[in-house]
Every structure is written in structure tokens, then in C-alpha cells.
Amino acid sequence: MTITKLFLIFSVTLWLAYVPCVKGRQTRNSDYHGKLSSLHLTLATEEFNNEVQFPRFAEPIPNVTVTIGRDALLPCVVDNLRNYKVAWVRVDTQTILSIHHNVITQNSRISLSYNDHRSWYLQIKNVQEVDRGWYMCQVNTDPMRSRQGYLQVVVPPSIVDKETSTDMVVREASNVTLNCKAVGYPEPYVMWRREDGEDINYNGETVNVVDGEVLHIVKISRLHMGAYLCIASNGVPPSISKRIVLRVQFPPMLSIPNQLEGAYIGQDVTLECLTEAYPTSINYWTTERGDMIVSGDKHEAVSSDSGYNKYMMLKIRNVNPKDFGSYKCVAKNSLGETDGVIKLDEIPAPSTTTTQVSPHVTSSIKKNGRNGNKNSRQRPIDYAVEEWRESDSDGDYTLVSMRTPQDPSDGSGEPASLRVQGIWTVLLLFLTLALLFVVRR
Ligand SMILES: *[C@@H]1O[C@H](CO)[C@@H](O)[C@H](O)[C@H]1NC(C)=O
Ligand SMILES: *[C@@H]1O[C@H](CO)[C@@H](O)[C@H](O)[C@H]1NC(C)=O
């Protein structure tokens, strides 16, 4: 009996292996079902009469999701199998994977495990994307009974280096396109952001994240300089990112907080200059005549960098008359050169009582140096006060002089003399009138 079975299975397999070469897949499938039917007809005999005795699927075939590279296990549980046979079939390729205890497929990653003539497990090792699809568990009853389950193969995202941008160096104001190509299953979602988490000025909008595989920056500025991350995710861990450094080149630019500095003899003074440049510039100080200033006992040139910004400082110790004049800070890179002039003027030393120069005094003197010194500021106030007093006394004087003629009429200090004066006035008036009258006549 077992020899007959084996022979039959062997012949079916051989036959099925040859048919696809001659006929189409569809034909092979129907022929396969036909063959299985004849198989069961031959093998199963008297039990057909009792419907209850037919094989029955105890549970559906589950849909299984597996990450690429892992192993998958598809169970098929059949009650009352009796002498019937279970076969696993790959639906979309119409391939028989196993019949009863035998693995038919050539695929070495596929194996079969079974126990108690009830559970039949199809095992797929190191699952690949080609394994994605429907798998059918068949029982060779007539008509054939089957159930199918879907094997989902998911692939974590990965970045295709060949189609993805690498670190870039561009000129300011040019248009820049960064690409990031990611693959995976399901299709990954790709986005761009700055590594430092800062917002991106993206063609007029301020955004934190740019969706999509392409980051296209029109008229790039130095503010765009930095490291960018292209992040791809599809829900299958781990997500992946690629770091791309974007460098923006521009010639040096310079700004001077104070173009005019004041110092008195014997003071220490500091000149400051701020520059921006990429590639990093070479910065130095020169005298009025263009001689480079080197650090020493007299001068101390210090600079500190922060990104493309540079802060330059020149400290001049114990200022003497020769130190007054112009100083130049210079910044140079491969794209250009720029310089700025700072003028150091003499200011009067603070009063001798303040022999110890504290930083506060120094700074106030510096300010005065720029706006005119302490003394000249106080003087105008004195003048103003004097002038105001002068004009005031003038006013008093005029008022007094205007009031003078009225004083006697108002005054009632000596009434007797006033009355005498009045009489005389009346007499004089009378005489004048009389004279005029006589002359007319
Ligand atoms: C498997 O998925 C199909 C369709 O996606 C669905 O019809 C079927 O019910 C699922 N099977 C199970 C066991 O969940
Ligand atoms: C950059 O792109 C803008 C808008 O697309 C275009 O007007 C401009 O000419 C481009 N500039 C360069 C240097 O290609």
C-alpha cells in the first residue's frame, strides 16, 4: 500500500513538473486539481458515504506578517483528515510546495512540519520579498477543500546611496537640490530636517521639517549652512537617516561696533571687529601704514570663532601718543578680502584723584571720548546758567525803568510837597492859557 502511495505521489510530481513546460500555468493548476481528485478517488474508498466524516479545517489560515530575513510559520489544522492528504500551494505562482509529508518545491528555505496527523506547518526560513503572497492549504477531497492565508513580508527602510546626495559645498545665492532615495516595504515616508533642530527658511516659509525626497533651496544663504538629516520611516523598525553637510561659501564681511575709540595716555584700550566668512578667513590687524600687528608686550590680538562668525579683539596696553591714529582689521578668504578702520583718539585723563582706573571708569571715559570729554560737556551747562541769569537781570532792569515815572503818582509818602507841586502846575497852566489868550487877541 505505501509503495503504491509513494509511486503515485512521485508520478504526480513528475507529471506536474513537466506540464508547465508544455502548457500554461492555468492549465497546470486545473490538471493538478484533477490529479489530486483522482488521487483521493483511488486512495479513499468507503468513507465517502458519511458527510460528517469529511475532513474539516479547524481554524482559518492566519495572515502572517514577517520582517525580511526572519522565519515564517503558516499553520493548517485539519480535523478528520483520515486517509486524505494535505498539500501546501503557492497561489500566485501556482506552485505545489508540499504534498502530505513531502516537500515538493526546490526552494531550500521551505520545510514542512506536522504532528498528530492534524497540524501541518509550512515553514519558510529567511523570508524574502519574493515570498510575499497567498498560500493555500488543500485537502484532496472531491470537491477539493482549501483555505488560504497571506504572507506579508515587510522591509525596514534603507537609503539608496547611489541616488542620494552627499556633503555639498555651494556658493551663496545659488540654487541647491538635495536628494534622498529610500526603499522599503511599505514605501517609506521621507523627510528632511536640520540636525540641530533649528527651523529652515524654505523658499520663503519657516519650517522645521520638509516632506519628501527632495530638498530644493532657491537662492541659498549662509543661514542654510549646517548638517541636514534625511529620515526614512515606514513603520517597520528601525527607521534610518542619512546626514548630509551643506556648506555655503561667501566672501568675508565685516562689521565694527565702534569705529571711534578714545583713550588717555597710560590707559589700556581694546578695539573690536566682527567678521563673517566661509571658508574660514584669515584675520589680522594692521597699523595705519599697513604693517601687520603682532602680539607682544604692547599688543594682544585675540579672535574667537563661532561657525562662520569671527570676533577679533586688539588690546593696546599702556597707550602712548604714538598709539593714536587708525587701526585696520582685515579678513581674507579664497573668495575675497575686506577690511575696516577704527580710529583711536586721545581723551583727557580722568581727574588725578582717581589714580586707580577701575573698569567702570574706563568704560565711562570711553563713552565720553566718543561724545566729547567730561569737561566740555559740563561747560555748556555753566554758560547756559550764566546767560539765563544775565537775561533775567536785563528784564528786571527794563521793568524797573518802565515803572520809574509812575512811582511818584502812586506814591503817597509825602503829601504836602505833592500838593505844592500841584498848585504850581495849575498856576503854570493858567498863566500859559492866559498868555495864549492875550497873544491871539
Ligand atoms: C486575511 O486577509 C484577507 C484579506 O486581506 C481577509 O479576507 C482574511 O479574513 C484574513 N484572514 C484572517 C485569518 O484574518
Ligand atoms: C534659481 O531658481 C530661481 C527660481 O526657480 C530662478 O529664477 C533662478 O534663475 C535660479 N538661479 C540660478 C542661479 O540658477
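Note: Cβ is positioned from N, Cα and C throughout, glycine not excepted.
Automatic, uncurated: that is what TrEMBL annotation is.
These come from TrEMBL:
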type	residues	note
DOMAIN	55-152	domain 'Ig-like'
DOMAIN	157-241	domain 'Ig-like'
DOMAIN	251-345	domain 'Ig-like'
COMPBIAS	350-362	compositional bias 'Polar residues'
COMPBIAS	363-375	compositional bias 'Low complexity'
TRANSMEM	422-439	transmembrane segment
DSSP says what for the domain 'Ig-like' (55-152): how many helix, strand, coil residues?
3 helix, 53 strand, 42 coil
Write out how many residues of the domain 'Ig-like' (251-345) are helix, how many strand and how many coil, based on DSSP.
3 helix, 61 strand, 31 coil
Summary of DSSP states over the domain 'Ig-like' (157-241), given as helix, strand and coil counts:
6 helix, 44 strand, 35 coil
